[in-house]
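Feature annotations, reproduced from Swiss-Prot:
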ACT_SITE  CYS117  active site, proton donor
BINDING   LYS22, ASN23  phosphoenolpyruvate binding site
BINDING   ARG93, ARG122, PRO123, VAL124, ASP125, LEU126, ASP308, ILE330  UDP-N-acetyl-alpha-D-glucosamine binding site
MOD_RES   CYS117  2-(S-cysteinyl)pyruvic acid O-phosphothioketal
Amino acid sequence: MDKLLINGGKALHGEVVISGAKNAALPIMAASLLASDHVTISNVPHLKDITTMMELLGQLGAHLIVDEKMNVQVDSSQVNEFVAPYDLVKTMRASILVLGPMLARFGKADVSLPGGCAIGTRPVDLHLKALRAMGADITVKNGYINARCKKGRLQGKRLMFDTVTVTGTENVLMAAVLAEGITTIKNAAREPEVVDLANFLIQMGAKIRGAGTSTIEVEGVESLNGGTYSVMSDRIEAGTYLAAGALTRGQVTVKKVRPDTLLSQLCKFEEAGAELTIGEDWVSLNMHNKRPQAVNIATAPYPAFATDMQAQFMAMNSVAEGSSTIIETIFENRFMHVQELQRMGANIQLNGNTAIVHGVEKLTGAPVMATDLRASASLILAGLVAEGETVVERIYHVDRGYERIEEKLSLLGADIKRVSDR
């Protein structure tokens, strides 16, 4: 099993090119099932979850061609299987995203209940409730969601999510584009990745209004065409590298980004004492060798502070000047990195969904174990600033969401390498 060896204490300097967003690429790939012609998706990151989605689409009968630049062509005209099996779905929660498209286009889908990161239940009940309201007959039995469309086509409905759900919004959005009539989604997720999916669907002929707001209206069409689309850049990867610059007191520029999607993070970096310069598709952070100031964080749905950046800011706050409060409102059980950061000398107290972080002068390298995707990123960041060697185990978690992280950090001056026990 691979692990990362990090010798910390070096300020990071330089530029890093940000990859396409996994959380946009996965629903867009799932949405290719809706098209009657082939689609070509570019700026797709080379990640384990992407490979899993390709395997899943292939198992359903789609024909995929991938070139050396990770341009992915999907032809779903020959789809003839309607089962998303446990062996694929268990490794990636986003597999649930094939449910809406398969039900809308083919009228049936059997999808194993999803897996993914071990950060709470993240139930799919909200997806199923909305699809049932649109006319789907759904049962959950033996670990599978069995969905059938009773009337040939799903029916447009007025829907309201009890709580904001990104994958739920995406699943229903994809189902609604081929439904009969108009679907209105209230309390919809406003994340940029939802907007990116909507833009992809619109390019294929869908009629969607309001993506990026809390109310999305979809007028169903008979079919969708093929097309080409470039996936948006990964705002969480961008924030992670900016955090690496901040906690090592360095200067890091992230390129090929959309600064408008980073605003909640950028405000907090400025609050921490960073000097920011923002261009059309780049952001530069400079700490001028200053220790970051502690910043309070409360996660909430977009456009508020992203839960996927909580762990990285905790790593920064661990070595910041002062004390901070971090409140996690999205997922339970998302403080599993705390115990590992404490092994490195971090001073953190937990009380339910709140962490109190008292910044320390230095962290010390230690063997630590990643428990989920973003927790692994926080441990890598801590290793970059710690004295001595840090060994991060179970880095298959980080490979699910970060493309060549050790190579990109090395380009910024980090002493980091991947080794294998095999």
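One is the number of the first residue shown, and numbering goes on along the chain from there.
The backbone N, Cα and C atoms fix where each Cβ goes, and this holds for glycine too.
A simple way to gauge crowding: the CB of VAL124 (UDP-N-acetyl-alpha-D-glucosamine binding site) has 21 other CB atoms within 10 angstroms, across all the protein chains here.
In the three-state DSSP assignment, the secondary structure recorded for PRO123 (UDP-N-acetyl-alpha-D-glucosamine binding site) is coil. With a cut-off of 8 Å between CB atoms and residues at least 6 apart in sequence, the same chain places PHE161, ASP162, THR163, THR165, GLY168 near LEU126 (UDP-N-acetyl-alpha-D-glucosamine binding site), listed in sequence order.
ILE330 (UDP-N-acetyl-alpha-D-glucosamine binding site) sits 19 Å from LYS22 (phosphoenolpyruvate binding site), taking the CA atoms of both as reference points.
When the binding-site residues ASP125, ASP308 are compared by the number of other CB atoms within 10 angstroms of each CB, ASP125 has the fewest. The closest partner of ASN23 (phosphoenolpyruvate binding site) among the binding-site residues, by CA position, is ARG93; the full candidate set was ARG93, PRO123, VAL124, ASP125. In this view, the densest Cβ surroundings among the binding-site residues LYS22, ARG93 belong to LYS22, judged by other Cβ atoms lying within 10 Å. Mapped onto three states, the DSSP output places ILE330 (UDP-N-acetyl-alpha-D-glucosamine binding site) in coil. The most crowded of the binding-site residues listed here (PRO123, ILE330) is ILE330, judged by how many other CB atoms sit within 10 Å of its own CB.
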